[in-house]
Amino acid sequence: DRICTGITSSNSPHVVKTATQGEVNVTGVIPLTTTPTKSHFANLKGTKTRGKLCPKCLNCTDLDVALGRPKCMGTIPSAKASILHEVKPVTSGCFPIMHDRTKXRQLPNLLRGYENIRLSTHNVINAETAPGGPYKIGTSGSCPNITNGNGFFATMAWAVPKNDNNKTATNPLTVEVPYICTEGEDQITVWGFHSDNETQMVKLYGDSKPQKFTSSANGVTAHYVSQIGGFPNQAEDGGLPQSGRIVVDYMVQKSGKTGTITYQRGILLPQKVWCASGRSKVIKGSLPLIGEADCLHEKYGGLNKSKPYYTGEHAKAIGNCPIWVKTPLKLANGTKYRPPAKLLKER
């Protein structure tokens, strides 16, 4: 008679690494990893996802929306996840801005980090009667409103001395900026200042010297001195050429907290403010958002989770995402492989 062992006689192609025995051949494995391929970014399943700050504001950058450019006013939808699609936001199309002097480029990114964002229905201060006034509110043909008349950003008032009596140099003046949001939100208050060449500075403000500006809120203070002249004429988005520039900044005021702005001539006083609450997870990506996905990954776009782990490029991801591992993982679902037993000799 011949006696045979009851195991498979085929070779095992499966090798797993174990903690105690190193590489081991097994009779079966379940792959636990996948290597994604790049895809479009998508809406995160089960979550409101925000692409542009204002989806219905056509031909507007997120910076336009954040500053309140006249033709870029609209509702910002609530969202638990937001796509940072403008890595370096382009300049606003309303008036030449000196971006490199402040954190103005960060304003859209700041807003994206909130779940709920709304613009106040009324102004935070009366700019016409602010210290150093009376003022007339300046507008620009480069910043047309919805009726194509001259306009300016909704978040700021360009305070130009109203008559020759107060069109003079001034010592630093201070205005308090109250908290006006009504639901305990963070108040994001936008402000800035305008400067031009000496001739225009005298014409507008009665003073051609550099002007000083300071803002303070929530323990954060910023100081600026305006630059006079040296600007080439610049037109934004088909507007009129401008010899002047504006510097834009913002301050975050917590519930009930008052901020202050100290200024001289050329101030852009805060007007409508952003009231923002909740948190929205932000990830770098691209638009448009197509379909839905379990996970949004900076390198791969929208991913649907088919395995618990993934290999490939490691980057920030949000949602129901697989976990990055350096090498593929396998789960053994069979037994340790043993080579076929040799037949016993006949007795």
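The backbone N, Cα and C atoms fix where each Cβ goes, and this holds for glycine too.
Not measured: the values here are computed from a predicted model.
Annotation comment: Swiss-Prot describes N25 (among others) as N-linked glycosylation site, evidence class sequence analysis. Every protein chain shown contributes to the tally, and the Cβ of N25 (N-linked glycosylation site) ends up with 16 other Cβ atoms within 10 Å.
Take the CB of N59 (N-linked glycosylation site) and look out to 10 A: across all protein chains shown you find 9 other CB atoms. What Swiss-Prot records for N59 (among others) is N-linked glycosylation site, and it gives sequence analysis as the kind of evidence.
In the three-state DSSP scheme, N145 (N-linked glycosylation site) falls into the coil class. Look at Swiss-Prot and you will find N145 (among others) tagged as N-linked glycosylation site.
Shown in sequence order, G132, G133, P134 are the residues of the chain, 6+ apart in sequence, with a C-beta less than 8 angstroms from the C-beta of N166 (N-linked glycosylation site). Residues annotated as N-linked glycosylation site in Swiss-Prot: N166 (among others).
Summarising the annotation, Swiss-Prot assigns N-linked glycosylation site to N304 (among others). There are 15 other CB atoms within 10 A of the CB of N304 (N-linked glycosylation site), with all protein chains counted. According to its DSSP assignment, N304 (N-linked glycosylation site) is coil.
Taken from Swiss-Prot, the feature N-linked glycosylation site applies to N333 (among others), supported by sequence analysis. In sequence order, G28, V29, I30 are the residues near N333 (N-linked glycosylation site), counting only same-chain partners six or more apart with C-beta under 8 A.
Between the C-alpha atoms of N59 (N-linked glycosylation site) and N25 (N-linked glycosylation site), the distance comes to 61 Å. The distance from the Cα of N304 (N-linked glycosylation site) to the Cα of N145 (N-linked glycosylation site) comes to 44 Å. If you take the C-beta of N145 (N-linked glycosylation site) and look for same-chain residues 6 or more apart in sequence within under 8 angstroms, you find P70, K71, G151.
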